[in-house]
Amino acid sequence: MRKPEVAIAASTHQVKKMKKGLWSPEEDSKLMQYMLSNGQGCWSDVAKNAGLQRCGKSCRLRWINYLRPDLKRGAFSPQEEDLIIRFHSILGNRWSQIAARLPGRTDNEIKNFWNSTIKKRLKKMSDTSNLINNSSSSPNTASDSSSNSASSLDIKDIIGSFMSLQEQGFVNPSLTHIQTNNPFPTGNMISHPCNDDFTPYVDGIYGVNAGVQGELYFPPLECEEGDWYNANINNHLDELNTNGSGNAPEGMRPVEEFWDLDQLMNTEVPSFYFNFKQSI
């Protein structure tokens with residue numbers, strides 16, 4: 001059985017055999033000659049066969065990142081930047097897969113370039129776009145609020161000026177009590193009894209509340225009686241007779257000289273309302 005001191009000494013001797021740290025030019029030349037002549041294989045065997053006191057991981061990283069012939073040097077081109085941004089949007093932080101799609105670039109190099117340059121640039125562009133959007137939306141809200149305030153001020157000014165004119169006596173106080181329920185008051189219209197059968201048709205077309213705030217009045221097309229018309233004609237004839245028909249001009253003579261009023265009023269005229277109901 002081997003003594004513990006001997007086993008510890010052997011293990012420490014093996015550890016001391018593996019070199020760490022910077023690579024010397026002689027080590028780089030040994031690794032390059034072996035890789036060009038034998039090709040890539042198991043990296044532990046490469047370290048042993050090349051006569052290097054390095055581990056397999058150290059040989060692999062040295063070859064991929066520094067010694068391989070197709071390795072690109074220098075800054076990234078704009079095309080490479082676009083590819084990195086596109087691949088990163090698809091693959092995320094899988095730098096080895098991104099490097100496999102960019103010939104001549106290493107995963108460590110791509111990761112450092114992303115964190116130092118591209119990531120900051122994209123963040124700055126997003127902040128600028130958000131600032132532009134906020135500045136473009138703020139004038140619209142300001143214009144809307146200013147228009148609303150201006151309209152409210154205009155209404156207040158109109159009402160205030162109207163009240164001041166009323167206080168000074170320029171406006172009749174009775175004008176302030178305007179009936180809005182009926183825009184055509186019946187007091188100022190000629191009253192006449194007419195048939196209301198046409199009212200449902202008017203309501204069906206224009207609606208019941210077709211006025212400003214109340215019902216819009218449409219005179220019916222057919223009337224049952226014509227007393228109001230006869231009364232107005234008779235009053236007009238009386239005035240002409242009182243003033244003297246002989247002195248009146250030829251165009252202002254009484255109507256009886258031209259036609260018979262009784263016969264005219266008793267003549268049956270086809271009604272539009274009757275034809276309208278028949279067509280329906």
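For all residues, glycine too, the Cβ spot is worked out from N, Cα and C.
The stretch that Swiss-Prot tags with DNA-binding region, taken from the ranges 71-94, 95-118, 191-214, is 95-118. Note on the DNA-binding region (95-118): residues 64-65, 70-72, 76, 80-81, 83-85, 87-88 of its chain, located 6 or more positions outside it, place their CB under 8 angstroms from a CB of the stretch.
For the domain 'HTH myb-type 2' (68-122), the DSSP-based tally of helix, strand and coil residues reads 36 helix, 0 strand, 19 coil. When the DNA-binding region (43-67) is classified with DSSP, helix, strand and coil residues number 19 helix, 0 strand, 6 coil.
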